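**Student:** Annotated FAD binding site per TrEMBL: V130, V244, G501, in sequence order. Annotated disulfide bond per TrEMBL: C425-C464, in sequence order. The domain 'Glucose-methanol-choline oxidoreductase N-terminal' annotation in TrEMBL covers 128-151, 297-311. The signal peptide annotation in TrEMBL covers 1-29.
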Amino acid sequence: MELPQIKHFHKPLIVVFLLLIVLANCGFSFPSEPQGKRQWHMTSDVKEVAGKSYDYIIVGGGTCGCPLAATLSEKFSVLLIERGGSPYGNPLVIDRRYYGFPLIQKDNNHMSVAQRFTSEEGVSNVRGRVLGGSSAINGGFYSRASDEFVDKVGWDKKLVKEAYEWVESKVVFPPFFLTPWQSVAEFSLLETGILPYNGYSLEHIRGTKISGSVFDGFGKRHTSADLLEAGNPKNLTVLVNATVKKIIFHYNGDKNETRAKGIKFIKSNGSLDETYEAFIKKPNHSTSRGDVILSAGALGSPQLLLLSGIGPKEQLKKFNIPLVHEMKQVGQGMQDNPCIAILVDSKPENRLPDPPQIAGITEDLKIIVEASILPLSINESRVNIAAKIAMPLSKGYLELNNTDPRLNPTVKFNYLENENDMQECIKMTKLLNKIARSKSIAFFLGESQQSKLVSTEFDLRKFCKKNVRTIYHYHGGCNVGTVLDKDYKVHGIKGLKVLDGSTFSESPGTNPMATLLMLGRYQGIKILQQRETESELNIKENR
């Protein structure tokens, strides 16, 4: 049955909808998923966790943190700590018809599911603040990384494939049907020459394709939090609405080593001075010690390293943060894929929001195009096509501007600073012009073909500089090779890892969600395998 469009809502329903937004923005706890479904323990009571010890502590219940927690809980006790609340029962997260609404919510109390931030260039952006992370607020488009990306980072191809398939068996769905706008967008990409037509595919391949989604056939979103169902409920504790303030370290003078031994955290809507602690279990004769693992995202993880005393000495000194380990590369290498979006309709309408189901990938893999309908307000939306530069060269930085982990750090991406990126943006804008002027789109809108938006090289450069925006695929700040080793361990610190988008030097595939979901499972299996090998060696040594 077709869902009613927002323009057909009666006034009482609009009032109810407004109330939903207000309640979600105030951190109201919506009814959880149906009784009997969830087996793992979720709580917002910090006292249930305070003072306890676990084999692993994962900071951030986002796209990567949830599959990681589920996997490690198969053999070990895990505390997963998330600064936001539960996604379950919140229609603004779960229902496809409300796609995009979390991005236009007001953010004023540390409890909305999306936290806004603005880069130093003035580009508005958001980060997830809910169990499930950005997989709870994004467009749900699921597409794997390219084989070239997997080769470049040195992952085990067989295990990568198994980890993708594990995720896909639980939270990924082929489209039940293409919406009218997605069908039109598909034809317009083909009409413009983004070929071949690949039909339905999860692979990152040249041409136009339909891909998977975390929205099922009934329009319900399945966030990374759903993967926690695959964990061992006896070993898994999920603490929501709690923000980690800093990592606790222990320095062993005899071994001259510093080790992460726990975390200090607060209630997300509480006082910064009222803190609680949780710890990593001490090893026994047959097992080694587990880790604190940061999965707090491309802003959260480097920010937390800095707040904990790991980073550039001079920056930490400004905020009177005791130096634990000097590392100048923390917060460096920040990137965001420059995006240009073109509105193809002439004015706002009351169309139902429509997340992307198709993607166009150019011959050189450098430009990726998608289409959507995004809400402007409760009863207005715009039809757009957007494209991003897949592999930008411009890089920026992240720095602290305060010591409250709930507030955003300063971030600058240096969009289009590199001339190669500017040339790609000009090329990308010309392509979007062609798509916007396609016969398919003109027929869909019932309008004549649009005139060219911009023409000369000078105008195109000005257009790019003025209109560059985000497509929410920012990454870097804790890059492998500078801040981390190949096993995602923080250089110079024992028992501390980072696993999320901050570790990437480029955004994989059409968007990073699929690969972050896979990475949590992949690295979880790697850790389990390593622990099993260590356990066998310890048993042999103690015989």
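Placement of Cβ uses the backbone N, Cα and C atoms for every residue, glycine included.
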**Student:** Give residue numbers and ranges for long-range contacts of the domain 'Glucose-methanol-choline oxidoreductase N-terminal' (128-151): same chain, 6 or more residues beyond its ends, CB-CB under 8 A.
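**Tutor:** Result: 42, 60-66, 82-87, 90, 93, 96, 99, 102-103, 110-115, 157, 160, 164, 168, 172, 202-204, 211-215, 221, 223-226, 238, 240, 297, 355-357, 359, 365, 370, 372, 472, 506, 508-511, 513-515, 517-518.
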**Student:** Starting from each candidate's C-beta and looking 10 angstroms out, tell me which of the recorded positions V244, C425, C464 has the most other C-beta atoms.
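**Tutor:** Result for the most crowded candidate: C425.
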**Student:** Please list, for the domain 'Glucose-methanol-choline oxidoreductase N-terminal' (297-311), how many residues fall into helix, strand and coil according to DSSP.
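**Tutor:** Helix/strand/coil tally for the domain 'Glucose-methanol-choline oxidoreductase N-terminal' (297-311): 11 helix, 2 strand, 2 coil.
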**Student:** Between G501 (FAD binding site) and C464 (disulfide bond), find the distance joining the two CA atoms and give it rounded to the nearest Å.
**Tutor:** 26
**Student:** How many neighbouring Cβ atoms, not counting its own, are there within 10 Å of the Cβ of V130 (FAD binding site)?
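**Tutor:** Total other Cβ atoms inside 10 Å, all chains included: 30.
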**Student:** By DSSP assignment, list the helix, strand and coil residue numbers for the domain 'Glucose-methanol-choline oxidoreductase N-terminal' (128-151), in that order.
**Tutor:** 9 helix, 4 strand, 11 coil
